[in-house]
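Accompanying notes for the structure given below.
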């Protein structure tokens with residue numbers, strides 16, 4: 001019995017410390033968050049408390065790729081280089097899966113907390129990403145509000161009936177199947193994806209002959225970049241204008257990242 | 001000589017037809033031919049007329065052009081190593097084409113693209129003839145060719161890397177190796193007329209090239225003007241190689257391999273070799289283009305890979321022959 005008292009005191013001390021630490025952790029939301037990926041930039045900007053996000057990637061300010069370029073203009077930008085990010089003294093770094101491996105490893109070696117987020121390609125993954133970033137930034141309430149709004153809007157824009165077969169066609173003859181973000185957008189806009197019929201579930205080459213033979217009702221091509229390239233010249237091929245002369249659409253910045261902005265892309269496909 | 005030409009022509013036409021029948025869409029021969037004349041239903045006529053026909057025409061024309069320019073240049077320089085791809089004429093044409101595309105000139109006028117490539121090719125071949133003219137030996141020819149190729153390749157890579165377009169830098173491979181994937185009738189109309197004109201100009205030099213095989217003095221005695229011949233060849237080669245490279249990239253080794261293979265068959269006289277080399281070039285390029293579609297249908301394997309796989313061993317064989325004391 002005597003021996004138990006100090007023992008139980010010991011446990012009480014440990015439990016008390018643990019409660020203190022976890023209470024402290026719950027309140028210690030990161031104060032200096034740096035995002036180095038176009039997609040995490042957007043979710044972080046939507047969720048951050050004023051002054052919490054201190055830098056976004058350079059792409060976030062590019063109006064061709066970022067639907068939030070005007071908001072991003074208010075933030076200092078980074079180019080995803082280890083040195084500049086370390087000098088910002090962040091307590092949380094958000095990186096995408098395509099971030100350079102050595103950069104992430106270097107930042108971790110320097111003692112920074114780096115969270116690598118996979119690209120969100122389905123509605124479920126987008127919801128999970130919003131919740132996850134909200135938890136990482138200590139902004140659970142903002143994340144819940146954003147999710148509620150997202151769910152409402154999604155049920156509003158999702159097409160109730162099938163509107164035909166659509167084909168996605170990008171530079172170099174690339175297409176996207178059902179397991180991609182573009183495929184998700186197509187499905188919610190009420191289109192069947194021609195790539196799925198041809199067995200392309202992710203992203204792959206679609207020979208132009210097969211595209212023409214599949215006779216899609218709707219053709220969605222990639223946006224063109226400034227300057228000229230032979231890769232994009234395929235989108236001007238006369239055969240393409242012959243198969244879908246009046247029913248075509250061009251993807252834009254709302255199609256790049258798994259964020260609530262895909263709702264705008266889905267709505268843009270509505271007649 | 002006659003039977004050989006007919007054989008080559010028949011083979012080239014066969015491969016032209018096979019090229020039309022090869023593709024991922026799986027269209028049967030009868031359907032393909034009816035669709036080619038615009039009679040089939042659905043999307044088949046579009047596939048046949050807008051996608052496969054331009055590819056087959058360009059394969060035939062570019063192969064023929066490269067084979068013929070190879071034979072003409074080898075005749076003029078009296079050197080079996082001369083060939084537009086190997087010594088940088090195609091590379092200079094590619095540089096011209098890339099400059100026209102990246103400066104936006106090709107959008108101002110469709111003709112700017114083949115014209116810029118033609119100027120590049122003309123610059124390349126004029127420089128080569130200046131450095132390694134009729135009296136230059138193999139070493140001079142190869143050294144100047146290496147220098148011109150290196151310069152053209154570096155220039156092409158530099159221009160493409162400076163482009164604001166993210167795809168441009170990846171296209172260095174296309175400009176160095178060549179491909180006929182997804183070319184349209186627009187490209188045929190851009191390239192074919194100047195190539196036909198160039199082919200005619202080179203065809204007209206055949207007597208002068210024959211005379212030159214006797215030596216420059218004898219050729220001059222037979223009334224061949226060296227300046228005029230050189231001018232005709234520069235313009236003719238540029239008219240063929242420039243537009244061909246502008247639409248299909250730089251395809252090497254065709255002009256080297258074909259005359260070499262055909263010489264035992266039709267004789268070494270340039271006049272006999274020109275037509276045969278044209279048909280042989282068409283056979284080689286159509287064959288290469290059919291094989292890239294059969295080997296890796298989804299990868300857009302470059303034509304230059306196949307032609308180099310055939311051409312490089314032959315090139316080594318030529319070197320081996322000179323080393324062991326044989327005549328080049």
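The backbone N, Cα and C atoms fix where each Cβ goes, glycine too.
Through the fold, the transmembrane segment (B:56-73) approaches residues 12, 16, 19-20, 82-85, 89, 125, 180, 183, 187-188, 191-192, 195, 198-199, 202, 205, 209, 233, 236-237, 240-241, 244, 247-248, 251, 254-256, 258-259, 270, 273-286, 289 of its own chain, all at least 6 residues removed from its boundaries and within a Cβ separation under 8 Å. Annotation source TrEMBL lists transmembrane segment at B:56-73 (among others).
Beyond the transmembrane segment (B:85-105), the same-chain residues lying 6 or more positions past its ends with a Cβ under 8 Å from any Cβ of the stretch are 66, 69, 112-121, 123-125, 128, 141-142, 144-153, 155-156, 159-160, 162-163, 168, 175-176, 237-238, 241-242, 244-246, 249-256, 304, 307, 315. Residues annotated as transmembrane segment in TrEMBL: B:85-105 (among others).
Taken from TrEMBL, the feature transmembrane segment covers B:111-132 (among others). Within the same chain, residues 73, 76-77, 84, 87-97, 99-101, 105, 140-141, 144-145, 148, 152, 190-191, 194, 230, 233-235, 237-239, 241-243, 245-247 sit at least 6 positions outside the transmembrane segment (B:111-132) and bring their C-beta atoms closer than 8 Å to a C-beta of that stretch.
Residues or ranges marked as transmembrane segment in TrEMBL: B:139-164 (among others).
Sequence annotations record features per position, and here TrEMBL assigns transmembrane segment to B:184-203 (among others).
The feature transmembrane segment is assigned by TrEMBL to B:233-261 (among others). Beyond the transmembrane segment (B:233-261), the same-chain residues lying 6 or more positions past its ends with a Cβ under 8 Å from any Cβ of the stretch are 58, 61-63, 65-74, 76, 80-86, 89-91, 93-94, 96-97, 100, 113-122, 125-126, 129, 174-180, 183, 187, 190-192, 194-195, 197-199, 201-202, 205, 273, 277, 280-281, 284-285, 302-304, 307-308, 310-312, 314-315, 318.
Sequence annotations record features per position, and here TrEMBL assigns transmembrane segment to B:273-296 (among others).
Summarising the annotation, TrEMBL assigns transmembrane segment to B:303-320 (among others).
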Legend entry - For the transmembrane segment (B:184-203), sequence-distant contacts whose Cβ falls under 8 Å of one of its Cβ atoms, 6 or more beyond its ends: 49-51, 53-54, 57-58, 61-62, 64-65, 68-69, 72, 110-111, 113-114, 118, 232-233, 235-240, 242-244, 246-247, 274-275, 278
Inset, instruction - With a Cβ cut-off under 8 Å, give me the same-chain residues at least six positions beyond the ends of the transmembrane segment (B:273-296) that come close to it. - result: 4-5, 8-9, 11-12, 15-16, 18-19, 22-23, 55-56, 59-68, 70-72, 75, 179-180, 199, 202-203, 206, 209, 251, 254-255, 257-259, 261-263, 265-267, 302-303, 305-307, 310
